[in-house]
Each structure stands twice: as C-alpha cells, then as structure tokens.
Amino acid sequence: MPRLPGRGGPLMLFDSARRGTAASAPTGTGTMYVCGITPYDATHLGHAATMITFDLIQRVWRDAGLDVTYVQNVTDIDDPLLERAARDGEDWKVLAMRETALFREDMEALRIIPPEHYVGAVESIPDIAERVLMLVKEGAAYRLEDGTGDVYFDISATPRFGYESHLSREQMLEIFPERGGDPDRAGKRDPLDPLLWRGARADEPSWPGGDLGPGRPGWHIECAVIALNLLGAQIDVQGGGNDLIFPHHECSAAHAELLTGQTPFARHYVHAGMIGLDGEKMSKSRGNLVFVSRLRADQVDPMAVRLALMSGHYHSDRSWNDELLATAQKRLGRWRKAAAMPCGPSAEAFLAALRGRLADDLDSPGALAAADSWAEAALVGVGDDPAAPTLFTRALDALLGVRL
C-alpha cells in the first residue's frame, strides 16, 4: 500500500447492532475478523464484493496511521464441502485445498491486502473442542441424550441473544433452517439452539474431542474460537455478508461473550450487501453465479471488476450486469488516460475528498465520483501541476486498491 502525504481521519461505520453509524476508533491497532469461504466452489462476485468491503476498511485504517491485525477463517470442514466432494467423487481435502488456492489467487488479482492470519477450521479443532467443553461445564451447552454425541449451545444462557440481528423469534425461526440451522432436531431445549459439536458419524471425517468424544465442530463456534485466540476477547470489527447476521454472527458473538464474560464481542458488526445478477438474486441453486476466475479467464481486467463492485455502496444489495462492467471498464480507461497526462490540477484536494468519502462509512460511489472529477479536469487540460498525476495514481492505489 503506497504511502500518501498526511493522514486520513477516523472511520465511521454502520454497525448492525446499533442500527446506525458510529466511529470505529481503535487505538494503535485495529482488529478485524471476517468470515471466509467454505471452499467447495470458486470465488463468486458476492465473495469478491464482501472482501473488497473489508479491504477498504483495512486501507482506511492504515492510511489513518493504524496497524491492523486482520484474521480470516476458511471453513475447510462443513456439510456443503463434504456433499460436493461426495457428488464429484473427490477427496474433500483435495477439493478444499484447490478451491482455497483459487480463492487466494482471485483475491490477489483483485488487489485485496491479505489478512495477517488465514486460519482453517480443521487446524483449530483442538482449541474449539476445549472451548465447547468450557461451555458445557458452565451450563451454557448440553449434550443430546440420543447417543449421537451432539452438543448444542443453550441460547437461554445469554439474555443478550438477538441484540445484533434485532430479529423477532418468529423471524429467527423462519431464517434458521434456511442458513444451516436445525430447529426440528429432537431433544433440543430450544429450536434455535445451534450446534457446537457434531459427534462422529460413519463415513464422515471426525477428530478427537477429549471428553466430548470424537466429532467435528459446528460453524459458529469455529469463528468465535479463532477470533478469540488471535484477536482477544473484544474486537473492533466482525464482518461478512449480510446473510451472516443471523444465525452465524449472532451465535458466534453469543459463544464468545459466554466464554469471556465481556460484551460486546465486536464493537462494530459490519455487513456487506448481496450481489444479484440482472436483478435476480445470485445463488448456487439458481445456477447464476458469476465467478471471478471465469471473468479473469475471459481477459476481463480485475481492476474493472473491482471498480464495478465499488460503484454501489457496500451496505446495499445491488445487481451485477454487463452494463455495470462496461461502465467500469470505461471509467478505468479514463482514469488511466488522465494519469498519463504530463500535468493536471492539484491532486491534494482530490486526496482530501477521497479520504473524506471513504471515512464516511466507505462511501465508494462518492470516492469514485471524486476521482472522475479530477480525471475529467486533467483530460481537458485543467491545471499545470506535474506532480498531480502521480499523486492521483498513488491515492487510487492506496485507498481504493485500484492500480492504473
């Protein structure tokens, strides 16, 4: 990330728990945990948009003089991964490694600053099992009496359950089964209780769990434990797509808060909107996913993809289409022509505007408009500052992650 003159200001971010914008004010080091992929398929544009959002946070923090400790998990053991491997007759470990490698290649192409720590769920299982046992001993978790060895979290153990998502119980019950929950599981104390530990099953991978018995962890506890181990009891940002607000982030925060006794787990719960295709929701079931690797193979400039995804505000659901990409390609071309001019209007005002827009809840559309204004002026011969094109180029690289 290139150094820029001066420093940016504090970053305001929308927090799902507050349902409003507040300053993210880390002192010295900003800590961020972002839920990564389940590596059974290639990186689609929804993944890319989410990762660009948190890349912008990291860039704005660093520009403000902060160090950043950024952790991202890889859910390298989960039912969808096992199901895809079985369908394709492939070893699940090989599938996970291949798709994780492709994801990282896609992120590099999009100029995402990598996390300081990429952590797989599998490597974290011993720590996760230990924390699940702690919850059992504290009375916040229980083992089913059906002989499966399955352990569930008791949501009644935390009176704060629901503070992040602000959903009614009826809404939770509707969403829970759509996002991996099992409200109809016999023997649970509450239909919304999430799985902490799945006891070993025939033909499924499992790991030693000490007093839990062999098995594998549930999804929510994986993220809670990885974040606690690497970032501590409280973090500045927990992030992901807005489909993770409930149950995933609600449950992982509940787990972490019960384990540490500190609230809130995250000072900001930040969620990126979903990406649709031509006005329809983009999903695996619809078969309309657009993959970053496919665009790259079609010789689409990754910087144009990045620009297209930043042309809408991160917090909003938005749509991808050919027109959006074409507009981004034209914008990128104009910026490159402007940056190649021998001189231009002073870029200091542009840098201040760029910083100001990004500090206001990552207003990337406003940031792009500021860059457009400078480029248009430069292209018609306004200004005679020979250093301006270089500063323009460096600012776009550092703050927007766009290399001209």
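Quick reminder: no glycine exception, Cβ is built from N, Cα and C everywhere.
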Candidate from I113, I275 that Swiss-Prot assigns to the same L-cysteinyl-5'-AMP site as C35, G36, I37, T38, T50, N73, V74, T75, W219, G241, N242, D243: I275
The annotated motif ''KMSKS' region' range in Swiss-Prot, which must be one of 246-250, 281-285, 316-320: 281-285
Rounded distance in angstrom between the Cα atoms of I275 (L-cysteinyl-5'-AMP binding site) and H248 (Zn(2+) binding site): 19
Between N242 (L-cysteinyl-5'-AMP binding site) and H248 (Zn(2+) binding site), the C-alpha gap once rounded to whole angstrom: 10
Binding-site residues: T50, N242 - member with fewest neighbouring CB atoms within 10 Å: N242
DSSP three-state assignment (helix, strand or coil) for N242 (L-cysteinyl-5'-AMP binding site): helix
